[in-house]
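> Here you go, one structure.
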Amino acid sequence: MGDPEMECFGSAAIFLRKPEKERLESQNKPFDAKTAYFVTDPEEMYVKGVLQNKEGGKATVKTLAGKTVTVKEDDINPMNPPKFDKIEDMAMMTHLNEPAVLYNLKERYAAWMIYTYSGLFCVTVNPYKWLPVYDAGVVAAYRGKKRIEAPPHIFSISDNAYQFMLTDRENQSILITGESGAGKTVNTKRVIQYFATIAVSGQKKAEQVAGKMQGSLEDQIIAANPLLEAYGNAKTVRNDNSSRFGKFIRIHFASTGKLASADIETYLLEKSRVTFQLSAERSYHIFYQLTTGHKPELIEALLITTNPFDYPMISQGEITVKSINDVEEFVATDMAIDILGFSAEEKIGIYKLTGAVMHHGNMKFKQKQREEQAEPDGTEVADKIAYLMGLNSADLLKALCYPRVKVGNEFVTKSQTVPQVNNAVSALCKSVYEKMFLWMVVRINEMLDTKQPRQFFIGVLDIAGFEIFDFNSLEQLCINFTNEKLQQFFNHHMFVLEQEEYKKEGIEWEFIDFGMDLAACIELIEKPMGIFSILEEECMFPKGGSFQTVSALFRV
């Protein structure tokens, strides 16, 4: 695809493929295949250099910075000729080694070309800035093109899945993996944008009636994202807009390829973030959107203030994020609720429950004199929560301080200490938030189910990425465990089965062990008497605790 053919991409062309003149100049650089090598470096990992000599299993290399180093022969890797510089598909390289891959990605990224193919995969490097490569003109330019006919892009992957679905008459799935902050959610949104643009259902917008669909199907599919992000995304140490839940989105199509409907499955919402955040993090975006004061009537209706520090549960970390404008995001969230067709009653109900969760952190309890029993230290906050949740304040406090437990066929009132009541309050608001989130997903799915005939679907998986924080909760274990299971599935299908296919076809091939078989570790976590099983068992015991859990784990 030369310069004339790239004109269809408009201003995005320079971010997708460099001009022909620049590519030709790069290919004509002097190069000696016998001496051009990468060598390991303690700071840069790998640097380019010129091989001086090899002897006795050692290699001496002079780096481009002028430094001469002697390393093991295994620590040097041959460089590719200049014609492979910034190559779009790394499977085409003469020498496919780790430094060659890393340097290619680095040099393409430096030129703001963030998408690169590697055989069957598309590798994306997060630019942490907006690039003009996603507008309607770019969508049109990729439509109907084979992978080899256009530069690497998430739109190309999407279009290929769409074309394979139509020609093979089979469902397709797009798997988006990566560490936390790698850009999975953004690329998921681009996939959805692509399908919503090219496969327009042609359905007219419904009448503006409360409780009915307020936008076209395409609008609603796109609008689901800002609402789910407001309630399911948060700032973490590694990412300003990190998905704290996983989702599998199915885009359903009619036999003609037109959009028919969609549905969303969610997994592993990080409930603990509602009540606890690290110092460099914050809770879910919606709390800070509400406290912007952009809608004064909501501030009054929810009985809240515009100061997040008035609510301990959401102010343990940072309050503002440089890269996020909470007012703009709140406008998008509020509009998304309308586009998705929530009724006015449902909308205010969502906001009231969110406000109630914020108030939970202000509930105070004290110990009765000469007793261990807890009692409310004032009822003002409980009155606000009860009003917002449609409960009786006295019943709420009674349930927290004197919970009823079923013993046999009878209910017995149980006494609670102050720490126990505080734990109950924390558990209650986490449960309320989770149930509200899951209810919203159910309602969104009801709105997206148009009852139109559907033949195929394309699934897009977006889960929270692998992460290790200073303080890791059960959610981190679940997230990382899920990621590792997914990685094993990915490796098995893309590498192990592929190499077995080579053997069946009689191709001369030395089997490569990617060293990623963590089956023993996975088994330790999920086997019948593994970590998850023991944690669940300890939760059943009335006096179960950390010490008993650790003791049980040591016996595994």
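All residue numbers here begin at 1 and follow the chain in the order shown.
Yeah, the Cβs are placed from backbone N, Cα and C, and that goes for glycine too.
What you are looking at is a predicted structure, and each value in this text was computed from that prediction instead of being measured.
As annotated in TrEMBL:
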- Gly178, Glu179, Ser180, Gly181, Ala182, Gly183, Lys184, Thr185: ATP binding site (BINDING)
- 32-81: domain 'Myosin N-terminal SH3-like' (DOMAIN)
- 85-556: domain 'Myosin motor' (DOMAIN)
> For Glu179 (ATP binding site), which of the three DSSP-derived states applies: helix, strand, or coil?
strand
> Would you mind listing, in sequence order, the residues at least six apart from Ala182 (ATP binding site) in the same chain with a Cβ closer than 8 Å to its Cβ?
Thr124, Asn126, Gly465
> Where among the binding-site residues Ser180, Thr185 do you find the Cβ with the fewest other Cβ atoms within 10 Å?
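Lowest Cβ count within 10 Å among the binding-site residues (Ser180, Thr185) is Ser180.
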> Just how many other Cβ atoms lie inside 10 Å of the Cβ on Gly178 (ATP binding site)?
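Gly178 (ATP binding site): 17 neighbouring Cβ atoms within 10 Å.
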> If one looks at the chain holding Lys184 (ATP binding site), which residues at least 6 apart in sequence have a CB under 8 angstroms from its CB?
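Lys184 (ATP binding site) has long-range Cβ partners Ile176, Thr177, Gly178, Ser243, Asp462, Ile463, Gly465.
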> Across the domain 'Myosin motor' (85-556), what is the average pLDDT of the model, as a whole number?
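Average per-residue pLDDT within the domain 'Myosin motor' (85-556): 89.
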> Give the sequence-ordered set of same-chain residues, not counting Gly178, Glu179, Ser180, Gly181, Ala182, Gly183, Lys184, Thr185, with Cβ within 8 Å of the centre of the Cβ atoms defining the ATP site.
Asn126, Asn239, Gly465
> Would you count the other C-beta atoms found within 10 angstroms of the C-beta of Gly183 (ATP binding site) for me?
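There are 20 of them.
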> Restricting to the chain of Glu179 (ATP binding site) and a gap of 6 or more, list residues whose Cβ falls under 8 Å of its Cβ, or answer none.
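Non-local contacts for Glu179 (ATP binding site): Arg238, Gly465, Phe466, Glu467.
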> Around the Cβ of Gly181 (ATP binding site), how many other Cβ atoms lie within 10 Å? Please give the count over every shown protein chain.
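For Gly181 (ATP binding site), the count of other Cβ atoms within 10 Å is 18.
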> Using DSSP, what's the helix, strand and coil tally for the domain 'Myosin N-terminal SH3-like' (32-81)?
3 helix, 31 strand, 16 coil
